[in-house]
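K.L.:
Sharing a structure with you now.
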Amino acid sequence: MLERTLSILKPDVVKRNIAGQVNSYIENSGLKIIIQKMCLLTRYQAEKFYEIHKSQVFFVPLINFMISGPVVVQVLEGENAISLYREVMGATDPKKANSGTIRGDFAENIDANCVHGSDSLENAIREIRFFFSEYELLSLYEC
């Protein structure tokens, strides 16, 4: 099934100037990057985006990390994009991530683990709408 999913290249990727390499992993998997933009999240935006984790011990460090520098937010499209991108990302903990995955090859630790990807269709829709307006998504077809 053709799906869309949200990808975030986290501040460690931008800071280390490896966004191009990460994008190669995405594109080599067969996924298309249909829109992307770089932005600097405010604390409010980061807290709102990750509010599902608010009660977790890692919430504050996660928010501080996500606002520490620019991120690249992307919409990826392809067959079974959500599950495929989760495979391409690798396990959340890079120590458990397979070689050949983004986290297995690039992540420094569980906190600076390079990427975020939607984990369900429902979350993909919500997360894409969080970062991209209907106009931005519609304009993809109006060039």
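Every residue number used here counts from 1 along the chain in the order it is shown.
Even glycines carry a Cβ here, placed using N, Cα and C.
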K.L.:
If I go by Swiss-Prot, which of R4, R86 binds ATP at the same site as K10, F58, T92, R103, N113?
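P.N.:
Of R4, R86, R86 joins K10, F58, T92, R103, N113 in the ATP site that Swiss-Prot records.
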K.L.:
Could you round the CA separation between F58 (ATP binding site) and H116 (active site, pros-phosphohistidine intermediate) to a whole angstrom and send it over?
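P.N.:
Spelling it out, the Cα of F58 (ATP binding site) and the Cα of H116 (active site, pros-phosphohistidine intermediate) are 15 Å apart.
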K.L.:
I need the least crowded one of these recorded positions (K10, R86, R103, H116), counting other C-beta atoms within 10 angstroms of each C-beta.
P.N.:
R86
K.L.:
Within 10 angstroms of the C-beta of F58 (ATP binding site), what count of other C-beta atoms is obtained when all protein chains are considered?
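P.N.:
Looking across every protein chain shown, the total is 12.
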K.L.:
When the number of other CB atoms within 10 A of each residue's CB is tallied over all shown chains, which of the binding-site residues T92, N113 has the maximum?
P.N.:
N113
